[in-house]
Amino acid sequence: MNVSRPSGRQADALRPVRIERAFTCHAEGSVLVSFGNTLVVCTASVEAKVPVFLRNKGEGWVTAEYGMLPRSTHTRSEREAARGKQAGRTLEIQRLIGRALRTCVDRTALGERTITLDCDVLQADGGTRTAAITGAYVALVDAVRCLEQRGQLKKSPLIGAVAAVSVGIYRGMPVLDLDYPEDSDCDTDMNVVMNDEGGVIELQGTAEQQAFRRGELDMLLALAERGTAMLFDIQREALAR
């Protein structure tokens, strides 16, 4: 099927992805991650405490918060703080980020401390949650390295890498890493979180206009595997700098 993507990319191509470490000066880990025009700041903050349900259990915790700046989108959105509550979408995404990052941490090795990943969207052009997960992992690694440099860890609690990417069916064609024009006009939209051993951590898939078939699902998962493999390479390159 000869279908052109609005960006001109091939069906299996990511947008340009960049990860800039040490983006802020206070947090133990911080990055600016960009997927094309989507920009997210991810910071990792370490606190010597755990939630009540983990007190005196010898385990740590990894959690996340997510938010979008008022003009990160085409029109201004009111700050959630001004409304007095978080939107359902915000809660869903920050829980997803926290779940994803906990899978790559040995919480016993972390000890009784909490690492909070704050993911703030500066500019949204599709795929903010997948960009946040991919960037937050790098911030998490830097926070762990900081603890190691301080002599506060006996061993690294990291047990793998995590990345996420969107896939979808756009005008009948399976595509990788949807931007906003594709995301707003696709037949199927799916977010895939994976680890660097090829394991699937989470799938969020929705048929927007018409149902998708098993064969199409398999093609989307294959695209997601390809995309996350490229993202793991980008993460490793960023962490080596």
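Cβ from N, Cα, C; glycine included.
Keep in mind that this is a model prediction, so the values were computed, not measured.
Per Swiss-Prot, the features are as follows:
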- ARG89, GLY127, THR128, ARG129: phosphate binding site (BINDING)
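Location within the structure of each feature annotated in Swiss-Prot.
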residue : record                 : CB count, 10 Å
ARG89   : phosphate binding site : 11
GLY127  : phosphate binding site : 25
THR128  : phosphate binding site : 24
ARG129  : phosphate binding site : 23
Check: same-chain CB within 8 A of phosphate site center, minus ARG89, GLY127, THR128, ARG129: TYR66, ILE93, VAL121, ALA124, GLY126, THR130, ALA131, ALA132, ASN191
Residues ARG89, GLY127, THR128, ARG129 binding phosphate per the record - widest CA separation, whole Å: 13
